[in-house]
Amino acid sequence: MQRVNLSTVSEFVFVGLSDAPEIRLLLFVLFLLVYLATTASNIMLLVAISTDSHLHSPMYFFLGNLSLLDLLCPTITVPKMLGALLLEHKEISFSGCLFQHFSLIAVVGTEIFLLAVMAYDRYVAVCQPLRYPSIMSPKLCAHLAAGTWATGLLNSLLHTSLVFTLSFCGPNKIQQYYCDIPPVLALSCSSTRSRELVTLLVAGVLGGSACVVTVVSYNYILLEILARNSPGMWNKAFSTCGSHLTVVCLFYGTTICTYARPSFSYSPRWDRVVSMLYGMLTPLLNPIIYSLRNKEVKCALKRVVSQVRRAL
């Protein structure tokens with residue numbers, strides 16, 4: 001029987017963001033600052049949620065999982081990119097590329113399912129507030145969180161096996177700053193049409209299901225607001241759902257532009273810009289969005305900052 005993986009490529013090379021030394025240094029400083037800000041903001045949010053008793057509720061439990069994902073996402077890709085910008089070390093081994101690809105797709109998939117779970121949580125909070133503590137029990141929340149992580153890992157395992165069991169025997173320059181599905185598929189010597197169809201089908205079914213849960217949840221929330229016809233209901237619903245809805249729109253917008261299309265429409269320059277939005281700016285903006293729109297989070301973060309100051 002013929003072996004599935006006929007790869008003769010032992011390493012891949014990332015195409016740099018710029019070959020001009022002065023611009024490369026500027027990009028290094030810029031991306032380093034963004035990465036440090038992203039790391040610090042998400043760590044602070046995680047500490048605030050875990051240490052403040054006022055934030056020990058289902059909503060903030062899921063928000064803590066989201067912050068962990070936003071911490072992992074740039075950590076998977078940005079350090080390698082910073083090394084390429086500063087040291088011009090653009091090579092990555094075949095196994096390293098595989099691991100990076102698996103980790104990134106796992107984080108992206110988990111976040112898609114987690115946002116759907118968070119939408120359901122907001123639906124219960126707005127439409128069934130009296131039953132909210134009994135419905136969103138700690139046991140159910142733990143099962144939902146574990147389910148999102150498990151589904152994200154299994155989804156990533158499938159996509160990674162589809163991509164890295166192809167044969168790579170020619171060019172090895174990845175038109176991206178990390179190992180993503182479209183640029184890696186573009187380097188394969190094998191026919192990728194069937195793999196692309198399976199990838200799009202699986203992504204469509206799983207991602208579409210998560211999107212349906214999110215849309216249906218917010219449709220019920222909207223109908224509940226219209227049915228009550230209370231002046232203060234709009235403000236209450238906005239304060240409850242506004243942050244999550246903003247994060248959902250930001251996440252789905254960048255993810256759809258990156259993954260929900262065939263490889264023949266792949267544009268390296270455009271994809272780098274979109275990847276920057278998803279891989280760096282979205283994880284930075286998410287904790288800011290939740291902090292600015294939530295008084296409890298702002299108070300908790302102030303307490304964390306004051307404790308750090310006293311400790312120093």
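Glycine too: its Cβ is placed from the backbone N, Cα and C atoms.
Worth saying up front: this structure is predicted, and the values here are computed from it rather than measured.
According to TrEMBL:
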- 25-47: transmembrane segment (TRANSMEM)
- 41-290: domain 'G-protein coupled receptors family 1 profile' (DOMAIN)
- 59-78: transmembrane segment (TRANSMEM)
- 98-120: transmembrane segment (TRANSMEM)
- 140-158: transmembrane segment (TRANSMEM)
- 197-221: transmembrane segment (TRANSMEM)
- 233-253: transmembrane segment (TRANSMEM)
- 273-292: transmembrane segment (TRANSMEM)
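Taken together, the residues in the domain 'G-protein coupled receptors family 1 profile' (41-290) have a mean pLDDT of 84 on the 0 to 100 scale. Across 25-47, 59-78, 140-158, the stretch most heavily in contact with the transmembrane segment (197-221), judged by Cβ pairs under 8 Å, is 140-158. Outside the transmembrane segment (25-47), and at least 6 residues removed from its termini, the chain residues within Cβ reach (under 8 Å) are 17-18, 63-64, 67-68, 70-71, 74-75, 78-79, 81-82, 85-86, 280-281, 283-284, 286-288, 290-291, 297, 301, 304-305.
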